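*Asks:* Have a look at this one before I ask anything.
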Amino acid sequence: MIYQGESIRVDFIEPGFAELQFDAKGSVNKFDQATLEEFSEALTKLQNTDDLRGVIVTSSKSTFIVGADITEFLTLFSDQEKTRSWVAKASRVFDQLEDLPVPTVGAVTGFALGGGCEALLACDYRVADTTATIGLPEVKLGLIPGFGGTMRLPRVIGPDNALEWITTGKNNKALDALKVGAVDAVVEPENLTKAALNLAKAAAAGQQDWKAKRQPKLEPLKANDTELMMTLVTAKGMIAAKAGKHYPAPHKALEAIENGAREHREGALTAENNAFFDLTQTEACQAQVGIFLADQAVKGKSKKYAKAATKEIKTAGVLGAGIMGGGIAYQSALKGVPAVMKDIKQDALDLGMKEAGKILKKGVERGKVNNEKMIKILSSITPTLLNDAVKDVDIVVEAVVENPKVKGSVLAEIEGVIGDDAILTSNTSTISITELAKNLKRPEKFCGMHFFNPVHKMPLVEIIRGEKTSDDTVNAVVAYALKLGKTPIVVNDCPGFLVNRVLFPYLAGFAGMVDEGVDFVGIDKVMEKQFGWPMGPAYLSDVVGIDTADHCTVVMEAGFPTRMKRDESSAIAKLAAAERYGQKNGKGFYVYGTDKKGKPTKEADPATYELLGCEQGKKLDADEVIARCMIPMVNEVVRCLEEDIVGSAAEADMALLYGLGFPPFRGGPFRYLETLGMDNFIQLADKYAHLGEIYQVTDGMREMAKAGKSYFDTTSAK
């Protein structure tokens with residue numbers, strides 16, 4: 001044995017040829033700080049090993065290396081000096097691999113991402129098996145490769161290909177990597193180690209010039225000035241169009257490659273180190289790393305629920321066809337759970353099947369679904385007018401009109417049809433699950449299952465626990481949501497649950513400005529272009545449906561009569577009364593139509609200004625617009641955490657990211673609060689407290705700020 005550590009071992013695989021194998025104790029290999037130390041120690045041992053002729057780098061697991069240990073990042077990045085030292089030292093460990101006095105071959109199976117890909121790039125040769133996926137996804141964390149990726153990849157596959165890989169963060173299958181020269185061969189999994197060893201032997205025997213293969217990675221980039229300039233200019237345009245100003249990582253990746261292009265290895269690595277460090281101190285990086293960690297926490301919690309499930313969902317029933325019902329039935333059938341779609345009208349059933357067919361047709365056009373699979377999925381949806389058709393299903397998702405009396409009646413009726421062990425759920429967006437359960441004989445078998453529209457695209461499903469909902473029911477429904485490919489987040493019952501409860505104070509803040517005569521178009525521009533929402537509040541209201549939003553204000557007022565009191569003179573109420581329902585009937589805040597080419601159009605309507613009494617072009621300072629929209633949202637999500645509606649700040653952040661499209665570079669409402677600083681937020685909110693209760697922070701937040709605590713410390717949020 002040449003070296004034995006906790007995560008790495010090195011030994012001769014046969015005389016003269018050593019295998020450096022990653023074998024972490026966990027389920028995957030990753031470069032945490034301890035593993036990087038071991039990597040350096042192992043390479044030092046190899047450097048000093050006599051009679052060494054070649055080295056292959058492998059993994060004992062079904063995947064190679066998934067990258068750095070992201071759980072260490074936020075703590076590490078909070079110390080600037082430590083961060084600078086860490087990235088400089090860590091990147092030089094990969095130089096040790098590249099500088100070994102013998103040929104090196106990386107053997108990749110499964111995922112080789114981030115640092116895993118960078119370890120491969122430090123090898124002279126790379127062999128992948130057919131399961132391999134290789135990539136540098138750091139931009140998705142607001143970062144760039146930090147272990148030499150921006151220096152080595154352009155020298156291996158060319159600057160144009162490297163820029164595409166690095167600035168998009170895309171994963172690449174083995175054969176695609178082979179086409180651009182990122183790997184030298186692709187073999188079947190059972191032949192991987194043998195192929196890597198044979199290549200090392202061939203290089204050691206002089207049949208391959210491994211020194212010539214290594215040399216370009218040590219020198220300035222081999223591209224003439226004109227070629228390089230054209231590549232960089234093209235990349236700058238693409239990055240500006242795709243990443244925009246809110247995501248600095250792709251811009252920094254380009255900067256690192258440009259600054260290092262004419263440098264030898266050390267100079268190019270220094271350029272990368274500097275760019276990497278700069279990004280670690282940005283709000284976007286803190287937010288995007290926070291999202292990753294929150295997503296992992298949410299997934300881990302969901303898996304625990306699902307693991308505890310005693311009932312497996314094999315068949316589903318959907319009550320109410322239409323757009324939502326059709327979408328739910330489609331998603332269930334797509335993921336292998338046959339669905340019975342029941343409605344009282346044939347027209348609605350036809351619409352539901354049409355919705356499923358429309359989604360599948362787009363999949364066929366894009367090459368994601370073949371005709372055979374399309375037919376199979378559609379045949380897994382059974383449209384019916386008969387209640388008895390759902391009597392044997394394992395779960396029913398009610399998706400009828402958002403009316404408590406109608407829902408209550410439908411749920412009670414279907415409960416009498418399904419088996420005693422079947423689970424009943426409601427796809428309500430605001431109505432109390434506890435109240436709906438009062439009509440049921442088995443309330444413990446009932447919960448909310450709130451999908452978001454369009455169902456096939458939106459990842460979030462809120463699982464709402466009523467007062468009498470059993471743990472077994474929640475566990476089974478979470479497992480079903482996971483089977484559907486969704487991200488379930490369990491919340492406790494209250495009007496609006498989590499997402500809509502938090503949304504309506506935000507819309508109320510917006511409406512307050514419109515009531516003062518401020519141009520809604522200007523507000524939308526600020527919230528989209530500067531804050532980063534995919535849609536401003538006026539446009540969002542039109543997409544949700546003005547009538548739907550207006551109806552929800554009635555429900556929210558019933559639950560929170562002072563804080564969310566409905567105002568008949570508000571913009572939403574006025575538009576609803578004028579039957580301007582938004583996109584669904586072509587007119588809301590905006591008017592909707594199509595241009596000569598059939599593309600959808602959205603324009604401000606003079607009639608809207610007249611109806612609402614607001615003035616075209618009247619603006620507020622952008623900071624005030626953001627404050628008046630966002631303070632109510634943050635205050636409400638804090639209340640939800642303090643009242644135990646949602647279990648953690650991480651879950652709340654992910655719910656708003658996945659359910660509302662909260663700007664990822666801001667990380668969610670709690671990460672946004674953390675970035676602003678709680679003291680600063682309180683000071684800002686107090687400035688607007690005279691506008692109403694939605695602007696007034698909780699006593700709990702004041703206590704948290706005084707104690708210097710964070711809502712990400714879950715023990716402090718209860």
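Every residue gets a Cβ built from N, Cα and C, even glycine.
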*Asks:* Which of Asn387, Asn453 does Swiss-Prot put in the same NAD(+) site as Met324, Asp343, Val400, Val401, Glu402, Lys407, Ser429?
*Replies:* Asn453
*Asks:* Say Swiss-Prot lists Asn500, Tyr658 as binding substrate: which of Asp225, Asp278, Asp295 is in the same site, per that record?
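*Replies:* The record-listed residue among the candidates is Asp295.
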*Asks:* Among the binding-site residues listed here (Met324, Val400, Val401), identify the one with the smallest other-Cβ count within 10 Å.
*Replies:* Val401
*Asks:* What is the interatomic distance between the Cα atoms of His450 (active site, for 3-hydroxyacyl-CoA dehydrogenase activity) and Lys407 (NAD(+) binding site), given in whole Å?
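*Replies:* If we compare the Cα positions of His450 (active site, for 3-hydroxyacyl-CoA dehydrogenase activity) and Lys407 (NAD(+) binding site), the gap is 14 Å.
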*Asks:* Counting across all protein chains shown, how many other Cβ atoms sit within 10 Å of the Cβ of Asn453 (NAD(+) binding site)?
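*Replies:* That number is 14.
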*Asks:* Can you tell me whether DSSP puts Val401 (NAD(+) binding site) in helix, strand or coil?
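*Replies:* The three-state answer is coil.
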*Asks:* Relative to the Cβ position of Glu138 (site 'Important for catalytic activity'), how many further Cβ atoms are located within 10 Å?
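*Replies:* Around Glu138 (site 'Important for catalytic activity'), other Cβ atoms within 10 Å: 29.
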*Asks:* Under DSSP, is His450 (active site, for 3-hydroxyacyl-CoA dehydrogenase activity) helix, strand or coil?
*Replies:* strand
*Asks:* Looking only at the region '3-hydroxyacyl-CoA dehydrogenase' (310-718), what is the mean pLDDT?
*Replies:* 94
*Asks:* Helix, strand or coil by DSSP: which one applies to Ser429 (NAD(+) binding site)?
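*Replies:* For Ser429 (NAD(+) binding site) - judged by DSSP and reduced to three states - the answer is coil.
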